Structures are given as C-alpha cells and as structure tokens.
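Remarks on the structure that follows.
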Amino acid sequence: MTREKSLALLITLAAALAAAESPPGRCHSPKTVGPCRASFHRWRYNATSQMCQEFIFGGCKGNANNFVSKQDCFQTCIRGGAAEATVVPSGPATEVATPRAGHLPEAYENRPGFREFCAAPRVVGPCRASFLRWYFDLESRMCKMFIYGGCRGNKNNYLFEEHCWSQCTGDGEITEEPGDAGAQPPLPSEPFSFSTRAVVLAVLPAILVTILLGSMGVFFVKICRKNPELSVGTVWSTLDDKEYLMSNAYTL
C-alpha cells in the first residue's frame, strides 16, 4: 500500500508540474488581426513553434493572445509568469489596466496641472481613427489603456504608459508629453476637413451647371447661324401696306 501511495503521489506531482509549466489558455488563441485598419506592431504566442512572434494588429476586436511587447509574451506564455501582461483592448473605447506590484503612491492633487493632465475624464473624441492611448483613472489611481479617435481629446491622453505614471503618481513637475519617433502622425483638424468638403460639394454643382448652360448656348448659336430666317424675321412696314392696297385697287 505504501508503494502504491507513493506512486500515486508522484503521478499527482508530475501532473501538477506539467499544468504549471504549460502556457495559460490565452496563449493558445489564434492570431487575430481584427477588422479595423490601424497598424500596430504586437506580439503573440505561437503554440506550434512555442515562440513569441510579431504581427500587425488592426486596433480592435482582438483576443487575449495579443501583447504589447515581446517580453510580456515571453513572461506570460513561455515562463508562465503569475502576473498577467498588458493586453490590447478587444473593442473601441475598452479600458485595460496594467497591474503594478505593490501599492501605488498617492497622487499629488494640489500640483499645478493635475486637474488637466490627470483628473480630466477619458475622451475618445468624435473622429473614427483607432489610436492606443493611456489615461489616468482618478478613482482607481491607475493608468488605463483606451482607444482614441484622433481628434478633440484632452490632456489626460498619453502615448506611453510610463509617462502617465510619472505625471500622475509621482512628485515631479507635470509637463506636456514629449514627442517621439514612434508616435502617430498628427491628424488634420476636423473643422478644416469638413469645411473643405463643404466647399467642394458647393462648387462642383455650380461648375457642372455652368458647363451645361455654356453647351446649350453654343448649340443654339450654331442653329441660328445655319437658319438665319429663324433669328431675323421679315420686317413689315407701312409702305408694304400701301403697296398691297394699291395693287388690290387696280385689280378691282
């Protein structure tokens, strides 16, 4: 009996070790680009090759096998890290928080600019682009990811998670986020695009009407030149009336 118990214990331990070493279920999800047309470089775990591979993510409707960095993919799926890595949101305006070890420091709310850069609510904006951005959630005191439409946002909108944390949970000076080579190119202002479209829609019909009227004018001029009697009628004067009456009198 003792031998059988030892054997059963070894089998149980082996099964537990195998389960611990196997990647989480999210790592077995297939590659999903998504229907949106953005172009973000992301990483996924390939269960066949057992390696983390880079792919292009469209920006929405992805799955959990979607990591911001190769290190996140490696720690989660290959090393089997306990902490979940940052996941790209699966739909527009979906919040994703990145867990941090330990307690977050208290936000220094009395600092100049804190209300603009950290306490302002998340603003997606009316435009329909799909840019991954970060904002500081005052209630949870965490930096969260969201999808930014591309225009009419506010200052609680960061390109990088690290800058969000340093701005809103540190004790340094709050400043504008510096530009970076990997940042998205600035979009043209929405009023300008709408005004240009309105001008084109207003001018184009006027041009078409002008061309049509000009063509009709040329057409009628050509007809009048071919048939002069249509344009210049016979002039009837009083002398013609007298001659007509005299000829009738002689006839009688």
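Along the chain as shown, residues are numbered 1 onward.
Glycine too: its Cβ is placed from the backbone N, Cα and C atoms.
Annotation source Swiss-Prot lists signal peptide at 1-20, citing similarity to another entry. Annotated disulfide bond per Swiss-Prot: Cys27-Cys77, Cys36-Cys60, Cys52-Cys73, Cys118-Cys168, Cys127-Cys151, Cys143-Cys164, in sequence order. What Swiss-Prot lists as domain 'BPTI/Kunitz inhibitor 1' is 27-77. Positions annotated as N-linked glycosylation site by Swiss-Prot, on the basis of sequence analysis: Asn46. Positions annotated as domain 'BPTI/Kunitz inhibitor 2' by Swiss-Prot: 118-168.
Feature annotations (Swiss-Prot) mapped to structure.
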{"residue": "Cys36", "record": "disulfide bond", "Cβ contacts under 8 Å, 6 or more apart": "Gly58, Gly59, Cys60, Lys61, Ser130"}
{"residue": "Asn46", "record": "N-linked glycosylation site", "Cβ contacts under 8 Å, 6 or more apart": "Cys52, Gln53"}
{"residue": "Cys164", "record": "disulfide bond", "Cβ contacts under 8 Å, 6 or more apart": "Trp134, Tyr135, Phe136, Cys143, Tyr158"}
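Annotation note: Cys60 (disulfide bond) sits in a coil segment as assigned by DSSP. If you take the CA of Cys73 (disulfide bond) and look 10 A around it, the disulfide-bonded residues you hit from Cys27, Cys118, Cys127, Cys151, Cys168 are Cys27. In the three-state DSSP classification, the residue listed as 'N-linked glycosylation site' falls within a strand. In space, Cys118 is the closest of the disulfide-bonded residues Cys27, Cys77, Cys118, Cys168 to Cys151 (disulfide bond), judged by Cα positions. Candidate disulfide-bonded residues: Cys52, Cys143. Fewest other C-beta atoms within 10 angstroms, Cys52. If you take the Cα of Cys118 (disulfide bond) and the Cα of Cys77 (disulfide bond), they are about 33 angstrom apart, rounded to a whole number. It is 33 Å from the Cα atom of Cys127 (disulfide bond) to that of Cys27 (disulfide bond). Put simply, Cys168 (disulfide bond) is 32 Å from Cys27 (disulfide bond) when counted between their Cα atoms.
In this structure the C-alpha atoms belonging to Cys77 (disulfide bond) and Cys168 (disulfide bond) are separated by 31 Å. A simple Cβ count within 10 Å picks out one of the disulfide-bonded residues Cys27, Cys77, Cys127, Cys151 as the most packed, and that one is Cys77. Under the three-state DSSP scheme, Cys27 (disulfide bond) falls in the helix class.
Mean predicted confidence for the domain 'BPTI/Kunitz inhibitor 2' (118-168): the pLDDT average there is 90.
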